[in-house]
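Undergrad: Before I ask anything, here is the structure I am working with.
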Amino acid sequence: MSLSNPWFIAALIGVLGVFHLEFFATLLNLARLSRPVPPSLAEVFPEETREKLVDYIRDSKKVSFTREVTLLGILIVFWWSGGFGWLQTWAESQGKGPVITGVVVLAISMLAQTWISLPFDAWDTFGVESRHGFNKTTLGTFITDHFKGLALMALLGLPVAAALVWFFQTQTWAALYAWLFLAGFILLMTWLSPRVIMPVFLKFQPMEDGELKDAIFALAQKLDFPVAEVSVVDGSRRSTKANAFFAGFGKTRRIALYDTLLKSHTTEEIVAILAHEIGHNKCRHVPTMLILNLLEMALMLGLLGWALKSPGFFAAFGVSGTPVGMGLVLFGMIYKPLGVLTGLLGLAMSRKHEFEADAYARKAVGSHQPLTDGLKKLSRDHLAHPEPHPLTVWLHYSHPPLVERLAALQR
């Protein structure tokens, strides 16, 4: 580790630079809470609600900032005390070969980050979310979810890790093969997740016959959007926050609505929200974002392949040789600044898509009012920031701020 090593400088910028950028953005965003609520949102955030959301956002940021400082501090100490070199030496001493050694290093790294974050997850769930009336998760559910997550990580993550280590350990065109493998894995998970993975955590029940179900199928038929099933998800078992999503492809599509959404929104509002989701499909947003993500993944894997061939890259972290598994762990620190830049493009595209889906929904239901009312309720009930700072929007928001969406809907 030396300041003369460009990889070491890049890692410092990646770790410290991005942390300070995020910290600066958070300060600017918190400062915006002192501004008056925009006139168009006055009915959404009356004084009492505004006071609640200010407290909620500040409490949430306190948890996330403490988490990030803790993770950064542990990382710096581990890095500069030679921890990565020690971990690699220990893993190699087990004599299991480069692929298994790489998987062991990756697994230990993921477990360490998961368990360091666990107290902060508990603080957020049972402290912040409970204090502000959102949390419905019991301690038993929290613990069970944690171990289910670890099991899925082992079942899905370890084979993927082994494949990546094997590609970069043995193949000349490793980046290409890894890209093809991960692209196939992403498509498989898109199909598999709502059928196998999500039911591990959530309970899906067919929606009972009635006005809402009839309205949903009428909308789907009107918009030529085949739907096989409408399900209700027991989201209220964990939180009061509402959600809705589509799953599947073609004639096998399923609509899933959180029970919390059904309790807080009218039939007209739910239909408008679903029309917005259908708009994403009709406007080809899903394949567009998939292509964008695959292009970014190609860039990332190409740079990863380059880094893994450089002894200087590993030396920047106190690691001898060029062990692939450890390289996969370390590359994230180098890639962070570029990841922020590519993230800006992806988020900007996503916000554009949200405007287009809003416009589609307005046309589909014949008025802006149902979606306008639905968005207002979602923002109020989630205690969303009424007017986030532009830097925070650029860095993190996949959806435009509410005030911008309402203005666009009413044009």
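Just so it is clear, glycine is given a Cβ too, placed from its N, Cα and C backbone atoms.
Residues annotated as transmembrane segment in TrEMBL: 6-31, 69-87, 99-118, 149-168, 174-193, 290-308, 314-335. Under the heading domain 'CAAX prenyl protease 1 N-terminal', TrEMBL lists 29-203. Feature annotation from TrEMBL assigns domain 'Peptidase M48' to 207-410. Annotation comment: TrEMBL describes His276, His280, Glu354 as Zn(2+) binding site. Among the features that TrEMBL reports, active site is placed at Glu277. What TrEMBL lists as active site, proton donor is Asp358.
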Undergrad: Along the domain 'CAAX prenyl protease 1 N-terminal' (29-203), what average pLDDT does this model show?
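TA: It averages 92.
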Undergrad: What's the most sparsely packed of the binding-site residues His276, His280, counting other C-beta atoms within 10 A?
TA: His280
Undergrad: Determine which residues of the chain contact the transmembrane segment (290-308) at the Cβ level, with the cut-off under 8 Å and only residues 6 or more beyond its ends counted.
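TA: Same-chain residues near the transmembrane segment (290-308) but 6 or more away: 7, 168, 174-175, 178-179, 182-183, 186, 322, 324, 327-328, 331, 334-335, 338-339, 342, 345-346, 349.
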Undergrad: Looking at the recorded positions His276, Glu277, His280, which has the shortest Cα distance to Asp358 (active site, proton donor)?
TA: His276
Undergrad: Relative to the mean position of the Cβ atoms of His276, His280, Glu354, the recorded Zn(2+) site, which additional same-chain residues have Cβ within 8 Å?
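TA: Other same-chain residues near the Zn(2+) site: Glu277, Gly279, His285, His353, Glu356, Ala357, Asp358, Tyr360, Ala361.
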Undergrad: Using a 10 angstroms cut-off on Cβ to Cβ distances, just flag whichever of Glu354, Asp358 is the loneliest among these recorded positions.
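TA: It is Glu354 that, of the recorded positions Glu354, Asp358, has the fewest other Cβ atoms within 10 Å.
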Undergrad: In sequence order, which residues at least six apart in the same chain have a CB under 8 Å from the CB of Glu277 (active site)?
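TA: Set apart from Glu277 (active site) by at least 6 residues yet with Cβ under 8 Å, we have Ala244, Phe245, Phe246, Ala357.
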